[in-house]
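Copied from Swiss-Prot, the annotated features are:
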- H215, E296: Fe cation binding site (BINDING)
Amino acid sequence: MTVIVPIHGPAPAPAPVPERVGVLLVNLGTPDSCDTKGVRVYLREFLSDPRVIENQGLFWKLALNGIILNTRPARKAKDYQKIWNHEKNESPLKTITRAQAEKLAASLTDRSHLVVDWAMRYGNPSLRSRIEALVARGCSRLLVVPLYPQYSAATSATVCDQAFRVLRELRAQPTLRVTPPYYRDDAYIDALANSINAHLATLSFEPEMIVASFHGMPQAYIEKGDPYQSQCVATVDALRERMGLDEKKLLLTFQSRFGFDQWLQPYTDKTIEKLAKDGVRKLAVVMPGFASDCLETLEEIAQENAEIFMHNGGEEFSAIPCLNDSDDGIAVIRQLVMRELQGWL
């Protein structure tokens with residue numbers, strides 16, 4: 001008797017998912033809530049990143065967990081509450097970054113294989129969750145777009161670090177590209193100039209000068225080779241040239257210092273205080289290093305520094321909105337994305 005034994009071959013491979021290209025906009029991050037608990041969770045993740053605080057030794061860990069996370073969250077929660085989008089129960093940074101992604105996607109509807117998403121380096125939606133979601137949607141190629149015009153290890157590099165951590169755990173990794181800084185791109189400088197001029201046209205006063213305030217960083221980071229300061233200078237030089245302003249009319253300063261180390265100078269708050277004491281009565285401040293309005297622009301500049309200016313003799317103060325999801329702002333991001341997608345489209 002002949003026995004026929006069925007031969008089972010390997011299971012058929014799953015049907016291929018249509019190949020797509022993912023575009024992921026990434027900004028710094030935000031708490032999930034504006035209460036002390038939410039801010040503490042956010043600050044713990046942010047301040048535990050060795051790209052942000054490079055000396056993560058025992059002294060720092062003791063200070064972070066013993067002092068900072070027990071005192072700073074309550075103070076910062078009050079600041080977040082001043083600017084919180086209560087309708088959506090989220091920070092303005094989250095609202096704006098979502099809008100940027102949606103408007104960028106709308107401008108790319110003729111590219112049906114492009115999938116646009118957004119993430120935060122700290123907080124939610126996390127880089128991990130959005131990269132995994134893009135891969136699940138069939139994105140075999142991924143363009144990560146750090147929304148920082150000027151490069152720094154504490155911003156752009158940590159986005160790359162986290163993206164690669166996520167990829168390291170994937171069996172099927174997408175091909176990855178990261179957009180470069182765009183601190184001197186013509187589209188970016190033109191958009192800044194247009195935004196400044198449009199805002200000034202709405203004011204009932206003419207500023208005597210404009211302060212260009214960038215997020216600060218420890219001077220030691222620059223001495224180790226971080227190009228951030230030189231790129232901030234290059235941005236302001238290009239903006240001065242574009243607007244026909246000299247160094248006395250468009251000043252460069254650095255804000256948001258933290259801790260006791262020396263940070264990049266001149267400091268924004270000290271400069272604004274001195275300008276008022278020296279007789280400047282009408283002032284405008286622009287924040288070219290921020291792609292989106294956030295705590296540092298809406299609270300620190302538009303409220304805290306406005307109060308400093310008025311308290312020391314100033315009379316008129318205006319914080320110029322960031323590019324956000326304006327037409328010019330989206331055009332800057334779109335040009336950057338399309339340039340870096342060459343060869344993939």
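Yeah, the Cβs are placed from backbone N, Cα and C, and that goes for glycine too.
Under the DSSP three-state reduction, H215 (Fe cation binding site) is assigned to strand. In the structure as shown, the Cβ atom of E296 (Fe cation binding site) sits within 10 Å of 22 other Cβ atoms. If you take the C-beta of H215 (Fe cation binding site) and look for same-chain residues 6 or more apart in sequence within under 8 angstroms, you find F254, Q255, S256, G289, F290, E296.
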